[in-house]
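Asker: Please see the structure below; I have some questions.
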Amino acid sequence: MYLMNEIVRDGNKVLRERATKVEFPLSDEVKEVSKNMMEYLVVSQNEEENEKYGLRPGVGLAAPQVGVSQQFASILIPSDDVEELQEKPENDDEYYFKGTIYNPVITRQSVKQGALSMGEGCLSVDDDLPGYVNRAYKITVKFQNEQGEQQELRLSGYPAIVFQHEIDHLHGGLYYDHINKKDPWNQTDNTRYLG
Ligand SMILES: [Zn+2]
């Protein structure tokens, strides 16, 4: 499992690079990184455990955030965080989504925007930068799973925001790139504000 001091922070150029595609079959190194990233997320969401290890809670961690410039990210979204009744991609009561996505591509996105009412945070950004992070409210994402099989998911609301945040990391993006610098809390009619 990774600890906070192994997570790359803003200012390191790996966070601003476009990561390379992951090759299949997965190398042992990529498998190990994926396992450690998911372990971080699981432990970070456990209130007693995260205190013990000093972990900031997270729902996603992308490979560049641990210094690996390849296109994959682990995502762990608790079902409780997903307000709306949505068709779940997996049969898991505790999590709306648990998995590592490889070579993800957003193939469709809605004109309608979504943003978290509290703004976003990132394990690689120590200061919480205020403001709405406008993203597509609905997306279709294609990716490969650990076996290299093509998957497709349609997501909306919170899960769509989490996936977009992580996919940004694979192309050198950080959440605050999307904040309106002049008026960070400016609301628009076309945006749904969540949570
Ligand atoms: Zn992040």
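All positions are counted from 1 along the displayed chain.
Here the Cβ of each residue, glycine as well, is placed from N, Cα and C on the backbone.
Copying in the features that TrEMBL gives for the protein in this structure:
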BINDING   Cys122, His165, His169  Fe cation binding site
ACT_SITE  Glu166  active site
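Quick one: where do these features end up spatially?
Answerer: Long-range C-beta contacts of His165 (Fe cation binding site), restricted to its own chain and to partners at least six residues apart, with a cutoff below 8 Å, comprise Gly60, Glu120, Cys122, Val133, Arg135, Tyr175.
Listed in sequence order, Gly60, Leu61, Ala62, Ala73, Ile75, Ile101, Pro104 are the same-chain residues at least 6 apart in sequence whose CB falls under 8 Å from the CB of Glu166 (active site).
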Asker: Sort Cys122 (Fe cation binding site) into helix, strand or coil using the DSSP assignment.
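Answerer: Where Cys122 (Fe cation binding site) sits, the three-state DSSP reduction gives strand.
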Asker: So what sits near His169 (Fe cation binding site) in its own chain, CB-to-CB under 8 Å and at least six residues off in sequence?
Answerer: Leu15, Ala19, Ala62, Pro64, Gln65, Ala73, Ser124
